[in-house]
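S.K.: According to TrEMBL:
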{"type": "TRANSMEM", "residues": "15-35", "note": "transmembrane segment"}
{"type": "TRANSMEM", "residues": "83-104", "note": "transmembrane segment"}
{"type": "TRANSMEM", "residues": "116-140", "note": "transmembrane segment"}
{"type": "TRANSMEM", "residues": "214-237", "note": "transmembrane segment"}
{"type": "TRANSMEM", "residues": "267-284", "note": "transmembrane segment"}
{"type": "TRANSMEM", "residues": "304-324", "note": "transmembrane segment"}
{"type": "TRANSMEM", "residues": "331-350", "note": "transmembrane segment"}
{"type": "TRANSMEM", "residues": "356-377", "note": "transmembrane segment"}
{"type": "TRANSMEM", "residues": "398-421", "note": "transmembrane segment"}
{"type": "TRANSMEM", "residues": "441-465", "note": "transmembrane segment"}
Amino acid sequence: RLQESRERLSVCSKLCYAVGGAPYQITGCALGFFLQIYLLDVAQVDAFYASIILFAGRVWDAITDPMVGFFISKTSWTRLGRLMPWIIFSTPFAIICYFLIWFVPDISTGQVMWYLVFYCAFQTLVTCFHVPYSALTMFISREQSERDSATAYRMTVEVLGTVLGTAIQGQIVGKVDTPCIESSFFFGLTNSSVAMEEPNMTHDTESLTDTRNAYMIAAGVIGGLYILCALILLLGVKERRESSELQSDEPVSFFQGLKLVMNHGPYIKLIAGFLFTSLAFMLLEGNFALFCTYTLGFRNEFQNILLAIMLSATLTIPFWQWFLTRFGKKTAVYVGISSAIPFLIAVVVLDSNLYVTYIVAVAAGISVAAAFLLPWSMLPDVIDDFKLQHPSSHGHEAIFFSFYVFFTKFTAGVSLGISTLSLDFAGYQTRGCSQPGQVNFTLKMLVSAVPVGLILLSLLLFKLYPIDEEKRRKNKKALQDLR
């Protein structure tokens, strides 16, 4: 009891720790929901090249996770800790790159390379922030209950971060009316380049200037929040070296540790389950703005629909924390993630109706909250299980977290690249007021049929995950004895 009381974290410490997760979610949500439509309709990048930018950026983001995990494992402890210096030094450069992603350069050639370079650079720098921050979970306390509680605080703030990202980006950009080009220019008038040039020139010189400025203003506001959250994390959280060490600790090389981690059965099964869950929600996130704009016809409402989803998710995080404490994490996975299925089906089956869409959005947000909370709540249990099986191997927390993120980001990059490319093949028209029937059908598949299939597959994989509540209690007792 004395040891547990020493390991308890104050509410202030948990809140400061939780705030550190907001920058990743704020920027990630803004990019996830708006980058695709920004590249296609504001920067006017061809859909094929936009798919390359989205694919390459996500894949590069995935590759940098294990790289950063490797370098963190080789980092020596400093007065600030082993993880905090990464967070401090990456922050200013990440903000600069983020702002330049939302800037349209006045160049005739090289625009695709501009977005590709700064998108990849930002993903690298935000990885240098988020991987050590994620691993920090294991360095704030040795108590499972305290880590779970801190994770619940973190998930609440992170989902709130998605609300802020959606609200800031959506409301600032949504205030500017961006006129579209009538479909007659694409399909009915003529095939000559002169007819296409006239509407493009008119809209570029007038409406798109205001829209581009709105995106940069939103980027500046989000950059300021990024700095504020990083400062709160630095000043309010102490990285405890002893929190992850056992009495029998001996150093093990990175590649030996990597081999041990990737051979740990519960870790692989957890990754496999949440891999497909993440894919489902990534596809929904990446294509939902286009789906609302063109398929549902809510061009001026899509940012508010996105905000409804994120607000619902934020408010239901405490419910899911209570639910997993009361009924167990595996049960919470089954109930939470599967609850999205009927609403994903309803949004494409029912006739387009704004009120019904808002109801579906609020209900879907409940499942989004479970998908946010549960992966990060279950991963520390896997690490504890690993420590019991390999008590002489330590310092590999960053490997667990970085490769967990690697697999989800890599496959998400592939899926988003393929989805944008599918829109190109379906005949997507940049800045069109409407889209061909094939594009609308493709969007329905990308936000409903494919995510539902991925969620069902993930639920089957979670049946194989071996760490239930009884196993968790046994691991906790064994770790206390080992320490």
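Note: Cβ is positioned from N, Cα and C throughout, glycine not excepted.
Can you walk me through where each of these features ends up in the structure?
M.R.: Note on the transmembrane segment (83-104): residues 20, 27, 31, 35, 38, 42-43, 68, 72, 75, 111, 114-115, 118-119, 121-122, 125-126, 128-129, 131-133, 135-136, 139, 212, 215-216, 218-220, 222-223, 226-227, 230, 233-234, 239, 398 of its chain, located 6 or more positions outside it, place their CB under 8 angstroms from a CB of the stretch.
A Cβ distance under 8 Å defines the sequence-distant neighbours of the transmembrane segment (116-140), meaning residues of its chain 6+ beyond its ends; these are 9, 13, 17, 20-21, 23-24, 27-28, 35, 52-53, 56-58, 60-61, 64-65, 68-69, 72, 81-84, 86-87, 89-91, 93-94, 97-98, 100-101, 146-147, 150-151, 154, 230, 233, 237-241, 243-244, 376, 380, 383, 397-398, 400-402, 405.
Panel annotation: around the transmembrane segment (214-237), residues 12-13, 15-17, 19-20, 22-23, 26-27, 30, 38, 42, 80, 84, 87-88, 91-92, 94-95, 98-99, 101-103, 129, 133, 136, 140, 164-165, 168-169, 172-173, 175-176 of the same chain, lying at least six beyond its termini, place a Cβ under 8 Å from a Cβ of the stretch.
Through the fold, the transmembrane segment (331-350) approaches residues 273, 277, 280, 284, 295, 320, 323-324, 356-357, 360, 363-364, 366-371, 374, 378, 444, 447-449, 451-452, 455-456, 458-459, 462 of its own chain, all at least 6 residues removed from its boundaries and within a Cβ separation under 8 Å.
Within the same chain, residues 134, 137, 148, 151-152, 154-155, 158-159, 162, 270, 274, 277-278, 281, 292, 296, 298, 305-306, 308-314, 316-317, 319-321, 324, 329, 332-333, 335-340, 343-344, 346-347, 350, 404 sit at least 6 positions outside the transmembrane segment (356-377) and bring their C-beta atoms closer than 8 Å to a C-beta of that stretch.
Within the same chain, residues 36, 47-48, 50-52, 54-59, 61-63, 65-66, 68-70, 72-73, 83, 130-132, 134-135, 137, 254, 257-258, 261-262, 267, 270-271, 274-275, 278-279, 282-283, 286-287, 375, 379, 382-383, 386, 446 sit at least 6 positions outside the transmembrane segment (398-421) and bring their C-beta atoms closer than 8 Å to a C-beta of that stretch.
Tertiary proximity for the transmembrane segment (441-465) is limited to same-chain residues at least six positions away from its ends with a CB under 8 Å from its CB atoms, namely 266, 269-270, 272-277, 279-281, 283-284, 286-288, 290-291, 294-295, 330, 333-334, 337-338, 340-341, 344-345, 347-348, 419, 422-423, 426.
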S.K.: Report, as numbers and ranges, which residues of the same chain sit near the transmembrane segment (15-35): CB under 8 Å and 6 or more residues beyond its ends.
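M.R.: Non-local partners: 9, 54, 87, 98, 101, 119, 122, 126, 129-130, 133, 136, 140, 150, 153-162, 164-166, 168-170, 173, 218, 222, 225-226, 229-230, 232-233, 235-237, 282, 285-286, 288-289, 306, 310.
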S.K.: Looking only at residues six or more beyond either end of the transmembrane segment (267-284), which have a C-beta under 8 A from one in the stretch?
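M.R.: For the transmembrane segment (267-284), the sequence-distant neighbours (Cβ-Cβ under 8 Å, at least 6 residues beyond its ends) are 32, 261, 333, 337, 340, 344, 368, 371, 374-375, 378-379, 382, 386, 400, 403-404, 407-408, 411-412, 415-416, 419, 446-447, 450-452, 454-455, 457-459, 461-462, 464-466.
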